[in-house]
Structures are given as C-alpha cells and as structure tokens.
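Below: the structure, in structure tokens.
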Amino acid sequence: MGSGRVRVRFAPSPTGIFHVGGARSALFNWLVALRAGGDFVLRVEDTDASRNRPEWTDGIISALDWLGISPGRYEGPVLQSSRADRHRAAAVRLREAGLAYFCDCTREALAERTGNAQHGYDGFCRDRGLEPGPGRALRFRTPDDGVTTVHDLIRGTPEFPNDTIEDFVIARADGSAVFLLANVVDDLEMGITHVIRGEEHLSNTPKQQLLWAALGAAEPPVWAHVPVIVNEKRQKLSKRRDKVALESYRDEGYLPGAMKNYLMLLGWAPSGDDEIVPWETIESTFDLADVKPSPAFFDEKKLRAFNGEYIRALSVEEFIAAVEPWLAPPAAPWAADAFDAGTFAAVAGLAQSRVSVLAEIVPMVDFLFLPAAPVDDAAWAKAMKGPAAQLLADVHDVFGKIEWDAETLKATLAELGERHGLKLAKAQAPVRVAVTGRTVGLPLFESLEVFGREATRRRIAAARDRLAAG
C-alpha cells in the first residue's frame with residue numbers, strides 16, 4: 001500500500017468465546033494504528049448465520065473494552081452481513097470479466113476423477129460455460145503460471161507458484177460470498193492498508209492477493225501474520241483442550257494491564273531485560289518488524305505471576321476497589337449484610353501481598369464474615385492431632401486475659417506451644433484451622449487482632465469441643 005493514512009481492522013467472527021489469540025491480534029492492530037495516528041476498524045464477520053449469536057458480538061465488544069479498546073475510539077462495529085450486496089456485486093463483476101466461472105462439481109465427482117476427495121480442484125468446469133443454477137458455485141480462475149509473492153512484515157516474502165493454487169470458490173450457489181471474497185471486498189472498500197492476523201490465515205493470503213488485483217487494487221495491503229500460540233506441549237491452543245477464553249481470565253480476577261502486557265510478549269518483546277513494562281512504553285516501542293515468526297508459548301503460570309506483580313503495584317485503595325466485585329454475593333459465600341468494609345480494609349494490605357488473582361481474596365478472608373469457620377476436612381485432619389485439644393483449651397483460656405495485639409498474641413502462643421513441646425509453626429496450625437478453617441492464609445496474628453478477642457475465642461472453643469466429642 002502507499003503512504004496514505006494507516007487503516008487496520010480487527011475482524012473476529014461471533015461464533016463462540018473470545019480467544020486470547022484474538023485478543024493479542026486486536027492489541028497488535030490497535031498499537032499499529034495508534035503509533036501511526038491511523039484508524040482501527042472493528043468488523044464483525046457474521047456471515048455464518050448458522051453459528052452466529054448476538055451475545056457473542058456483545059462479548060467481543062466487552063472484551064475489547066476491558067483491554068482498553070473502547071467504543072468511540074474506533075470505527076464500528078461493522079457487521080459484514082450488512083455488506084452482502086457489495087459482496088454479490090463483486091462476484092458478478094469477476095464473472096463478467098471472465099475471472100470466475102460456475103462449477104457444479106460435487107466432492108464425490110472430484111474424488112472419482114482424482115481418486116481423493118481432499119485433492120485440490122482439478123479445473124474440470126473451467127471451460128464448460130455453465131450458467132447460474134442450483135448446485136453451481138462460483139470459482140475464481142487462478143493464473144496458470146507465474147508466482148504470487150506475499151510481502152509479509154513478519155515472514156519475509158513467501159512465494160506461491162500459481163499452478164499450485166486451485167481455482168477456489170468465491171460464492172455459493174445462492175450467490176452469497178464466501179469468506180475469501182467477502183474479506184477482500186470489505187478490506188478494499190474500507191481502505192484497509194494493513195492486514196494483521198494469525199499465521200493460520202497465511203495459506204489464504206495468495207488467494208486473497210489475487211482477488212485484490214482482480215478487483216482493481218493497485219497493490220495489496222501490508223501483510224503481517226503473527227505467530228501461532230501454543231500450549232506447554234507445543235500444540236496450538238484449542239478451545240476444546242486449553243483455557244483460552246479471555247472472559248474466564250477476566251472473571252478469575254486477572255487485571256487488564258497484566259493481561260495486555262503478557263499478550264504482547266507472545267511474539268514480541270520490549271528492549272532490555274524487563275518483561276513487565278508500563279503500557280506507555282509498549283505503545284511507544286511496539287513495531288511489527290520486531291515480531292518473531294516462531295510459535296509463542298502461552299504460559300499460564302507466568303501470566304499468573306505477572307498478574308500478582310500488577311496487583312502488588314496497586315495502592316491499597318486501588319486494590320480494595322479492584323476486588324469489590326468478589327466481596328458480595330454471588331461471588332462471596334457470606335450474606336451481604338455480614339460484610340464489614342472496615343474489617344476488610346484492615347486486612348486488605350495483608351491480602352494484597354498474597355493473591356495472584358483477585359478471586360483468591362474470597363478464601364483468604366471468608367472466615368472474617370461467615371458465622372462459622374469454613375473448615376476443610378483435610379486441613380482439620382492435618383492440624384488437629386497430638387496435643388491440639390489441650391493446646392486449644394489453654395489458648396482459649398489465656399486469650400481471654402492478655403492484651404489483644406498481634407505481637408502479644410504471637411508471644412503467648414509461642415509460650416503455650418512450648419509447654420506442649422511444639423515450636424510456634426506447629427502450635428499455630430490448630431489455632432489457624434480453628435479460626436480460619438484452613439492451613440494457609442493471611443498472617444495469623446494480624447488476622448486474629450482484626451477478628452477480635454470474642455470471635456476468636458468462640459471459634460477456638462468450637463474446635464476444642466469438637467475434638468472433645470471425638
């Protein structure tokens with residue numbers, strides 16, 4: 001394309017979940033437009049009526065908004081189905097120019113002629129002069145010789161001999177355009193200058209480049225095919241096998257900043273040794289020419305670690321605001337009127353340093369707002385053995401008489417544990433399980449200080465009595 005205004009498009013299909021791979025492609029497109037002062041177009045390719053659902057389109061818009069690509073900052077959404085007449089008109093033009101022809105070959109007939117139904121089309125109907133009719137699709141007449149060279153910012157200049165490109169279908173028997181043609185018509189008429197998409201589309205590119213030329217374009221767009229994303233087994237991410245829905249990460253409590261930063265690393269890297277970098281730095285340095293063509297490994301553990309770092313970078317006030325959706329029903333297991341904002345604020349800083357995703361806040365603080373400790377049977381069995389019963393009895397008694405602060409609580413439990421031959425780490429376990437229901441969580445003594453003397457002693461008494469009852 002020439003040196004005019006840069007225009008990119010993100011063109012998802014509303015046929016299911018919004019994939020993390022789609023999110024990465026959207027971000028790459030967004031940054032190219034942003035850096036060039038150009039335009040980002042959201043085009044929803046909804047021509048497959050049997051699979052499209054309106055809620056999937058809404059999900060795309062919502063996901064982009066979460067990533068910072070907000071309505072009002074881009075053109076669209078443009079529904080591809082609204083342009084069906086333009087696609088049909090292009091198909092007619094190609095046929096009238098002798099660049100396309102009707103074909104009534106079935107898969108069975110092709111298999112009979114070639115011995116393999118999967119074999120590329122053999123051109124049987126090229127010169128039969130068929131007119132439109134039932135069961136007759138329209139095929140593009142590819143050149144017999146020459147080479148189609150694709151200039152790709154990431155993959156160089158792959159070449160495709162034209163005699164290996166079959167005469168491909170561009171319109172169905174009912175006149176509706178297939179993806180290959182509709183995609184090109186829309187890109188051409190919308191003035192798209194850069195097509196940035198996943199490498200799985202690379203095999204379509206020579207066909208689409210031929211269509212660009214056939215429809216009168218002086219030159220094709222700038223192509224950039226970003227690397228495939230793979231799982232830990234180096235298999236392409238699959239929605240049937242892998243956790244790929246952006247919504248599931250959002251609902252689990254991943255921050256958009258962390259997700260954006262991590263997705264950008266799937267094929268690209270900022271300069272220097274730091275991978276966690278301000279978004280402003282990514283905006284100012286991202287360049288498609290720096291994207292590597294090799295497969296990019298989606299490491300959920302690394303993403304989780306990234307998210308933890310982003311959480312810890314928040315102020316306590318920002319953290320409290322971020323976890324708010326998880327602090328009330330239905331996300332929270334406690335009654336709405338049981339939650340106390342002051343109590344939570346007192347432990348928020350302790351929790352912030354320990355969670356990797358926001359949803360982890362619930363099991364970390366639920367003991368503060370539930371009427372009884374949410375005791376896990378495995379935790380109970382692990383902690384409530386040996387001298388636990390007598391220790392809890394002593395703790396219940398002594399905790400009624402001491403100053404109620406974390407330092408005193410720690411010193412007191414250390415002393416009581418020593419009487420029973422237990423180091424502090426071992427002495428803490430039955431007390432923690434009695435009060436919180438779990439073997440791990442917030443710092444124990446700071447938690448007890450916030451929870452309060454009477455509430456703590458009630459939980460310890462309940463555990464003591466349960467042990468006594470056998």
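In case you wondered, yes, glycine gets a Cβ from its N, Cα and C as well.
Keep in mind that what you see is a predicted model, and the values were worked out from it rather than measured.
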Among ranges 12-22, 67-77, 78-88, 133-143, whichever one Swiss-Prot labels motif ''HIGH' region': 12-22
Range annotated as motif ''KMSKS' region' in Swiss-Prot, from 111-115, 201-205, 236-240: 236-240
Intrachain neighbours beyond the motif ''HIGH' region' (12-22), with Cβ under 8 angstroms and 6 or more residues off its ends: 44-46, 48, 51-54, 56-57, 59-60, 63, 198, 229, 237, 239, 244-247, 249, 263, 298
Between Lys239 (ATP binding site) and Cys103 (Zn(2+) binding site), the C-alpha gap once rounded to whole angstrom: 35
Listed in sequence order, residues not in Cys103, Cys105, Cys125, Asp127 with Cβ within 8 Å of the centre of the Zn(2+) site Cβ atoms: Tyr101, Phe102, Asp104, Gly123, Phe124, Arg126, Arg128, Leu130, Arg139
Counts of helix, strand and coil residues, the motif ''KMSKS' region' (236-240), according to DSSP: 0 helix, 1 strand, 4 coil
